[in-house]
């Protein structure tokens, strides 16, 4: 059994690669330094935002807009000058971060906030045969997973379900049933009043929309005739300008007149509760004395009263109007970290929720939904980072006691603990990343799917390849080239390039050192670039693994998209737990 000196020497000599210098990354770098690790390299593409300062404790106000990796390196060296800490302000997807790069390190520690980057690091560590410790946190929950080639399941052995991020436009405008519907609508209201107007983000009632819960229900001719007697709803921006953005009148337009108009669509309310129109003066006197905007913003974890929501709505309109008039050529854009904008959206969402009988939420919760993120909690990040280092020490020492940890800091388990460990699972024999038999069966319609659709939708989006090269195994013909030599084939249907039922495609991604055999199975019921993925030849996976091409939606089912912040902001709102760095 090695002595503590021998163990310490292993820690000192080990070369550690840290990917991510955000919420978990800051805590992790500090922990590595004080534990005794001396050879550490950190990579992060992000820069410091003022909203990071409440939980990413290596950063200060003067660091805003600076590189996270560079600043974290500088600060850690100040309190631990003996550490050999280097950094790259770069994207992990750059070609220089190849298998040889990863092989230069003894262990890789993930503090990433998005699935694409985690997939890439997982594959590179597998190719380089380097241990990977993956981590994530979301609110009061967190997880740490140890991944070792041939011993444990990899990051992609289990499919990660994605939370819905699109909602039917008719649900948003006519029949919200969840607070997220009200939050999306409130963001649209902000854009209609102060931002870039998108005709797809109209907030007025949609008279011709079909009830999503009762597809047979339509607006009857009698209802249409009755509604014709009423003036049709006008555009939100047009209405606001006509009344000089009078807060009470804008309120009544959105929450009284539009709701009264909506109530005339009798077919919508046969199986659901009718909304209750709300007047500004009524709202202002409901729920006691309203809080001021400043007090309400400080109290962002409590649920505002209706009178406070009306007060915040009115105050924010005046504040935002002043900003617009000060810079008339500048259109405001939704920003979850802009205090006035976020308070306006929160007030709007809660007022609409009240009208439709939906429980109201705190601004903290609404911000999470509006930003399409899970808020980061500093204490959760600290616990996760501590567990990462504990597991890293075990791996370096060659310990056989390796486990995956889950954390819930809101309540303890029956043993009085806030986190627990689970035994690691063996590799999934059907995983196309870490199994010896890297095979994927897909169901497509060769008569409708294009070569470009196969490359973009299947290989890049579903299988997360970066620059695939595809060859027909039967004829050795290259149908997709990462160099662009076959771009003329991209518009062609698979059948036109002799890719039919039973075809086997050899797909190589040299950047990730990855090769997959893709078996083509014909699915006559599929259209366009639709496809289904199966892990085996016997049967396709469940329907929830189906991925449709973006343009294949029927017009009447057109969906209004929640703002999808890119991975830079840590906004992959998914059922798996991911860290929020931004």
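Quick reminder: no glycine exception, Cβ is built from N, Cα and C everywhere.
What Swiss-Prot records for 170 is active site, glycyl thioester intermediate, and it gives sequence analysis as the kind of evidence.
DSSP assigns residue 114 (ATP binding site) to coil in the three-state reduction, placing it in neither a helix nor a strand. The ATP binding site annotation in Swiss-Prot covers 20-25, 44, 52-55, 68, 91-92, 113-118.
Classification of residue 434 (Zn(2+) binding site) by DSSP places it in coil, neither helical nor stranded. The number of other Cβ atoms within 10 Å of the Cβ belonging to residue 434 (Zn(2+) binding site), over all protein chains shown, comes to 22. What Swiss-Prot records for 154, 157, 431, 434 is Zn(2+) binding site, and it gives similarity to another entry as the kind of evidence.
The compositional bias 'Acidic residues' feature in Swiss-Prot is assigned to 204-214.
Look at Swiss-Prot and you will find 219-231 (among others) tagged as compositional bias 'Basic and acidic residues'.
The compositional bias 'Basic and acidic residues' annotation in Swiss-Prot covers 531-570 (among others).
According to Swiss-Prot, the region 'Disordered' annotation covers 204-235 (among others).
Summarising the annotation, Swiss-Prot assigns region 'Disordered' to 531-582 (among others).
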Counting only other Cβ atoms and using a 10 Å cut-off, which of the binding-site residues 54, 91, 114 scores lowest?
54
Rounded Cα distance, in Å, between residue 154 (Zn(2+) binding site) and residue 20 (ATP binding site) is 19
Given the binding-site residues 154, 431, which one has the fewest other C-beta atoms within 10 angstroms of its C-beta?
431
How many other Cβ atoms sit within 10 Å of the Cβ of residue 170 (active site, glycyl thioester intermediate)?
21
Which of the recorded positions 20, 23, 91, 114, 170 has its Cα nearest to the Cα of residue 434 (Zn(2+) binding site)?
114
